[in-house]
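Features reported for this protein in TrEMBL:
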ACT_SITE  HIS265  active site, proton acceptor
BINDING   ARG63, GLU105, PHE106, LYS173  NADP(+) binding site
BINDING   HIS203, LYS207, GLU241, ASP260, LYS363  substrate binding site
DOMAIN    26-212  domain 'Glucose-6-phosphate dehydrogenase NAD-binding'
DOMAIN    214-509  domain 'Glucose-6-phosphate dehydrogenase C-terminal'
Amino acid sequence: MSDTPNPLRDPRDKRLPRVAGPSVLVLFGVTGDLSRKKLLPAIYDLANRGLLPPGFSLVGFARRDWDHQDFRQIAYEAVKQHARTPFREDVWTHLAEGMHFVPGEFDDPGAFEALAMAVKELDESRGTGGNYAFYLSIPPKFFPQVVEQLQRSGLAHGDDAGHEGFRRVVIEKPFGHDLKSAVELNDTVHRVFPEESIFRIDHYLGKETVQNILALRFANTMFEPIWNRGFVDHVQITMAEDIGIGGRAGYYDGIGAARDVIQNHLLQLLALTAMEEPTSFSAEAVRAEKAKVLSSVRVPEDLSLATAHGQYSSGWQGGVRVKGYLEEDGIPADSRTETYAAVKLEIDNRRWAGVPFYLRTGKRLSRRVSEVALIFQKAPHLPFSLTDTEELGQNALVMRVQPDEGITVRFGSKVPGTSMEIRDVNMDFAYGESFTESSPEAYERLLLDVLIGDPPLFPRQEEVELSWKILDPIEEYWSGSRRIEQYKSGGYGPDSADELMARDGRAWRRL
Ligand code: BG6
């Protein structure tokens, strides 16, 4: 082959799409909700966008008595129902040809031998080159068994330098239940896979709007000079959901909102918002800055004043009567698992000393919204009469992660008229208006990065451990309380969360 770059596909041209090379994705837990609603549709969407190689193959592994055709049918239904891009028969047919199913139990060495044979055959028939990514979309208690079987069957070997192809493993949160179990889990996976082959998924990092936090901060000059304690009064990070736990009682009870969302998504948002500029966008440089800021996070001493949690009771949502958490199927009547959690954190460094970061998340709240809001200090002096500025709040910069993706700047403006009345107004940037292309789903981006082997959007173990160090004392404090406050479904969360803010003379942004 000639070394001359093809002028039509010069890899130096950054405008060309990043395309995965020949590979097999092995999906464990293919019958689960995540596979059906997110992973299978994302794979189709990638194929539809032309980002998968022609021989790309997908192998499903599960405890089901299925053949290839059954697997294709399940995947077809998932794609029809949940894919982001339009259904195209030709794309589907091509993708389905590369779909295979291997039935088996996680503790059956024979099943893993069959898997090894299946991927080898794909290498020969579809040119996948011995490049395998193993996606463990299964409860973490099965990780030790599966990684051990991957090793025993020879599937885990190979290396990332390209000899005999790459071997990567993808794991989903929860990365442990606390610091101790996170370390153990990591040791288990590390016994078989080196750190650079482990891709930990925090799907928030796959969202365009979350990546845009770095673009906003470090590709512009006007924000960074005010992004510090000299101008920012406090920061609010919110992930509110209107849904309940749905059919996930088995996963959720005993985990709760803080472990489910704060330990990963919200602390990652905090890290991206508060970190210093990385030297480059390489995985190492980004991780180093995130780890640095996470190690400066301090949980206030008096946790009774700095945390709030609660559980949703029945109520009305969108005109429909909904059950309380304790009435949900599969939840024990005496469960004290929180479905809402709020914490106030401090960051002990020169940029943020004295600027509290308030994090909150909850289910069955009035509205679905995820955002990061920087609330700025009040103007030091207002040369206007008090009555003219009654409706003036503090300036704010809000990065809206979802559902209505964009950025809002709130500032005071003169009300048209003959007096100097001033009121807050919003200036909005909306993704949908500025860009014609709709944003890919987080899992499209993350799956593509796994196949390409591009790690910056995947948290490293150090970040996982630092996040547990922040959360562990809070969980321990909560575990000592006998009862948990109830809040009405469809509302704004427990009163104690409002009191937490009120004690500091502040209020949560309206949901
Ligand atoms: C998951 C949590 O990580 O994120 C769920 O386990 C939550 O409880 C979900 O519903 C929300 O994701 P998104 O992308 O809809 O904000």
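Including glycine, each Cβ sits where the backbone N, Cα and C put it.
As the structure is a computational prediction, the values presented were derived from the model and not from experiment.
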Checking the binding-site residues ARG63, GLU105, PHE106, LYS207, ASP260, LYS363 against ligand 1, those whose Cβ falls under 6 Å of one of its atoms come out as ASP260
Per the 10 Å Cα distance test against ASP260 (substrate binding site), the binding-site residues GLU105, PHE106, LYS173 reduce to LYS173
For the binding-site residues GLU105, GLU241, ASP260, the largest set of other C-beta atoms within 10 Å encircles the C-beta of ASP260
Whole-number Å distance separating the Cα atoms of ARG63 (NADP(+) binding site) and LYS207 (substrate binding site) is 32
Span of HIS203, LYS207, GLU241, ASP260, LYS363 as binders of substrate, largest Cα separation rounded to whole Å, comes out at 20
Nearest by Cα to GLU105 (NADP(+) binding site), of the recorded positions HIS203, LYS207, GLU241, HIS265, LYS363, is HIS203
Pairwise CA distances across ARG63, GLU105, PHE106, LYS173 (listed as binding NADP(+)) top out, in Å, at 22
Among the binding-site residues ARG63, LYS173, LYS363, the one whose Cβ has the most other Cβ atoms within 10 Å is LYS363
Quick note, HIS203 (substrate binding site) and HIS265 (active site, proton acceptor): C-alpha atoms separated, nearest Å, by 8
Recorded positions PHE106, LYS173, HIS265 vs LYS207 (substrate binding site), shortest C-alpha separation belongs to HIS265
